[in-house]
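Worksheet: one structure, shown below.
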């Protein structure tokens, strides 16, 4: 999924190494390295879980709001269903319309609402237990579960699909794991959520044991008359809070998928300067709103939506369990039998629930399957097209010696200023630059090939952000800068990025030996890394140095610098120009029909309708030069 990774990425301070590889971890790694088909299968499994999680972002607001609002029918039995649907739609539109303001403006009321909700349902549960059936406490024993299955047989197995809805909220508890620590979630779940939910369900069961006819909307019918409307209001507010958690989780998932090249680029707005990770994605927000309204108006029935929601959540949980099997072996480096025991124990329970929910596919269960199929096609096609484009760039990369050798024939001249050439390659020069030089035979006095890439850690410290290297002899003034971001990182603004980049290059030049080799690190004293970069027709001296964060650009202007550093500062004063490639992928004529469909239809459609790289770069239009090129993959 991340084709431009380097061995240097494992030296990041945020890269957590759990220790030496075990027999099991080596076996799994070798297996996936030798079998590309299974790597593709693993990607499909991951995308399945991800697409189902995005589907949760559609179903959670729908079922939460519709279930809460439908409770009004207990007090107003003659109220037509259309009014309930209309009220739910109004609440959903309001919820999604306020997303661009960010949750930090109203987040302070979320905790009181949720706490009030749990206190209400636990108090009502205790009231119903002691009023209707105190013996319900015996249901805490697992013995009654086995007795129930034995007595009901197939009907008991089918009922597991409904039981699943009682525990789907636990998955939502961890939906915002990126915003809270795992310890805080464990404490909240153990000390507040779980006891309150158990009391609420026991109270509802006690009520139903004496009122078999009130199975529909039993929760609202079990509420004592004096507190019905306060509970109804709190339930509606709690539904909005729960929906907000699912929506925020969807934003985070899509953002991370974009970083891993598994989702088309979208606009990501950070809504809070104080709390990291609170983001808003306009395209995803309006897509979710339209889908929520379509499901609410189309299905209208909480039973059908419940079947869809239960199946989606169960599949997400099962995929998570399967991936945890790999994490236990490869990341945590535990024994294989520990991972197998984990998979067998939890996986068998989850498969039992999935099997019970499969018979609900005609009754609403088809919805998450349809949604996940659409999302999977989009994500897989985008990832496939991105990888094919990167492979094409690697095959067609060119050498600096070839460009400079053609200089006299093309009449190439160097113009004042700094040219930042953006490409996804970490080695070699992109073909887009050769296309640019052939049609416009001039480039800047200082040329920097910039590769902005995501790495497999959530955050990258500023000291680890840049890798700076030189391409060719010193007199060429051609550098490579690899900028690494974690999949949760916020990219810098252009003005700040320009100054930081020039400072890194100056630090590299000043700490470089006269023969072109990087000397000790600017602050930490670590040695630079010198290596040879091989291309198809030449060998170019290339030195990459990991640089600690250098002083600000103003510091260098007051120092006694090398001649090359002075030339770089002069070029910076002349201006910085962004040179960006815009390649159009097309399948080769010899490609299969399926590949042509994926590249020429799906990937091409997504590329034309997603946010363009020039927009994501946010460079001033007056300083931007975009070079178009057809790329055959």
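Here the Cβ of each residue, glycine as well, is placed from N, Cα and C on the backbone.
Pulled from TrEMBL:
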- 38-404: domain 'K+ potassium transporter integral membrane' (DOMAIN)
- 416-631: domain 'K+ potassium transporter C-terminal' (DOMAIN)
- 42-63: transmembrane segment (TRANSMEM)
- 83-99: transmembrane segment (TRANSMEM)
- 106-126: transmembrane segment (TRANSMEM)
- 156-175: transmembrane segment (TRANSMEM)
- 187-207: transmembrane segment (TRANSMEM)
- 227-247: transmembrane segment (TRANSMEM)
- 284-302: transmembrane segment (TRANSMEM)
- 308-332: transmembrane segment (TRANSMEM)
- 339-359: transmembrane segment (TRANSMEM)
- 365-382: transmembrane segment (TRANSMEM)
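Within its own chain, the transmembrane segment (365-382) is flanked in space by residues 43-44, 47-48, 50-52, 54-55, 58-59, 257, 261-264, 291, 295, 299, 304-305, 307-309, 311-312, 315, 357-358, 598, 602-603, 606, which lie at least six positions past its ends and keep a Cβ under 8 Å from the stretch. With a threshold of 8 Å between CB atoms, the same-chain residues lying at least 6 positions outside the transmembrane segment (42-63) that come near it are 1, 32, 88, 92, 95, 171-172, 175, 242-243, 245-247, 249-250, 253-254, 257, 262, 288, 291-292, 295-296, 302, 305-306, 308-309, 312-313, 315-316, 319-320, 322-323, 367-368, 371-376, 379-380, 383.
Beyond its flanks by at least six residues, the transmembrane segment (106-126) meets 98, 192-193, 195-197, 199-204, 222-224, 227, 230-231, 234-235, 237-238, 241, 244 of its own chain at Cβ-Cβ distances under 8 Å. Under the criterion of 3 or more C-beta pairs below 8 Å, with sequence separation of 6 or more, the transmembrane segment (227-247) and the transmembrane segment (308-332) do not qualify as touching, having fewer than 3 such pairs. Tallying C-beta pairs under 8 angstroms between the transmembrane segment (83-99) and each of 187-207, 284-302, 308-332 places 284-302 first. Same-chain neighbours of the transmembrane segment (187-207): 115, 118-119, 121-122, 124-129, 131-134, 136-137, 139-140, 166, 169-170, 173, 214, 218-219, 221-222, counting only residues six or more beyond its ends whose CB sits under 8 Å from a CB of the stretch. Averaged over the domain 'K+ potassium transporter C-terminal' (416-631), the predicted model has a pLDDT of 78.
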